[in-house]
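Annotated features in TrEMBL:
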- B:18-36: transmembrane segment (TRANSMEM)
- B:42-63: transmembrane segment (TRANSMEM)
- B:75-95: transmembrane segment (TRANSMEM)
- B:107-130: transmembrane segment (TRANSMEM)
- B:142-164: transmembrane segment (TRANSMEM)
- B:170-198: transmembrane segment (TRANSMEM)
- B:210-232: transmembrane segment (TRANSMEM)
- B:276-294: transmembrane segment (TRANSMEM)
- B:345-364: transmembrane segment (TRANSMEM)
Amino acid sequence: MTRRFTASLAIAFLGLLILFDSATADLNPYKAPPLLALGSGAAASGGFCGAMPE
Amino acid sequence: MTVAVAEPSGSWGARRGLIVLAALGLVLAVALLAGARYGLLLAIGLGFGLVLEGLRFGFAGPWRAMILRRDPSGILAQLLAIAVVALVAFPLLSGASGEVVGAAAPIGWAMAGGAFVFGAAMQVVLGCGSGTLVNAGSGNPVSLLALPFFAIGSFLGAYGLIWWTDLGALPILTLTGTSGLAVTLVLLAAVAGLLLMLAAPGTRHVPRRLVIAALLLAALAIGNLVVAGQPWGVVYGLGLWGAKGAVALGADLSGSAFWAAPGNAGRLEASVLTDVTSLTNIGIITGAFLVACWRRGGLSQPLPKLPARAWAATIVAGLLLGYSARLAFGCNVGAFFSGISTGSLHGWVWFAMAFAGACVGVRLRPILGLEPRP
């Protein structure tokens with residue numbers, strides 16, 4: 001068995017994650033934020049490992 | 001007996017063309033389905049994966065090289081990348097209050113202890129936050145096994161984060177403005193000087209490949225900051241995947257101050273394709289996979305035969321990587337790379353504690369069966 005098998009498993013894991021997620025959460029590109037946060041005037045609101053819960 | 005069959009160069013070229021098309025197609029699909037910003041963040045994540053795997057730039061490996069062989073070249077490249085990001089990030093953070101934020105986090109007992117444990121665990125599996133993603137994408141079975149446990153550990157660490165920070169933490173301390181940038185650059189230069197002083201003869205140079213990789217990583221990290229409004233991170237996204245899995249299995253997260261907080265609860269209900277760190281994580285794994293497909297023989301390496309205790313150690317180390325990274329407010333990326341480059345003093349404490357942990361981890365690795373004993 002080679003790395004071809006394990007690398008394929010990693011991609012399959014991602015595929016399953018996105019497939020499962022798309023079944024439980026909707027996407028709407030018309031509600032997406034501006035392309036760039038810098039200059040958008042909107043406060044940064046993404047989840048980050050350093051941030052305390054807000 | 002194995003027989004090597006040379007693949008015609010024409011079919012190899014077609015395969016590489018397909019790889020480029022696949023990457024572009026993924027970015028376009030996310031941009032159309034979720035929005036242009038999210039497509040761009042996936043592209044940045046792919047860039048991270050391509051650079052880290054393609055130019056073999058890492059974090060755990062260079063720390064190991066310094067500890068065991070006194071070879072500082074890889075860490076010097078890391079410090080170069082951090083310095084370049086800092087040169088752009090400090091003015092951005094000063095001038096664009098609110099739109100762009102740094103990786104600021106408090107220093108505390110749990111934070112310092114978490115960094116120590118992370119440093120040890122990353123040497124056991126020889127994969128840090130970004131390294132585990134890259135290695136999993138390129139087919140390393142140890143990292144592939146560690147990855148889901150990293151996500152579970154990150155979810156659990158976030159679940160009880162407030163209990164840990166209540167053990168004692170300072171207010172958030174940051175270096176800002178021109179003076180903050182100057183202090184950061186002097187400290188980076190001082191660390192580089194110390195490493196050069198301790199270096200073994202013949203190792204006091206940074207290979208061109210690593211310099212190029214450091215500059216490309218810095219450009220991508222700055223892009224991450226400008227597009228997302230926050231620095232490059234890894235662990236939050238993995239914890240979110242773990243939390244989504246827990247909710248799918250029926251777990252009630254309303255008892256967690258972290259996961260029940262409005263921002264995190266909202267992200268739990270939203271798609272991972274709209275979460276900044278999830279997108280860059282997906283990009284890193286996919287980018288590393290594409291590089292492995294691109295290289296001739298990149299996926300033909302046989303899987304290692306490791307003893308059972310090595311696989312058990314990998315599971316435990318994966319859990320510890322995720323859990324400790326949450327307590328430490330980030331991994332080598334979110335705390336060390338992004339923390340220092342955006343002025344958070346917790347990044348410096350993380351560096352010192354994680355390096356001390358790494359010194360323990362390199363000694364644990366052979367004992368746990370992940371490499372032959374010396």
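Just so you know, glycine gets a Cβ as well, placed from its N, Cα and C.
Keep in mind that what you see is a predicted model, and the values were worked out from it rather than measured.
For the transmembrane segment (B:170-198), the list of distant contacts is 66, 70, 72, 75-76, 79, 82-83, 86-87, 90-91, 93-94, 102, 104-108, 204, 340-346, 348, 351: same-chain residues at least six beyond its ends, Cβ to Cβ under 8 Å. If you look at the transmembrane segment (B:75-95), the same-chain residues 6 or more away from its ends with a CB under 8 A from one of its CBs are 57, 59, 62-63, 66, 101-102, 176-178, 180-181, 184-185, 188, 191-192, 195-196, 206, 210-211, 213-215, 217-218, 221-222, 225-226, 231, 336-338, 340-343. For the transmembrane segment (B:276-294), the partner stretch with the most Cβ pairs below 8 Å, chosen from B:18-36, B:107-130, B:210-232, is B:18-36. With a threshold of 8 Å between CB atoms, the same-chain residues lying at least 6 positions outside the transmembrane segment (B:18-36) that come near it are 42-43, 46, 271, 273-274, 279, 286-287, 290, 293-294.
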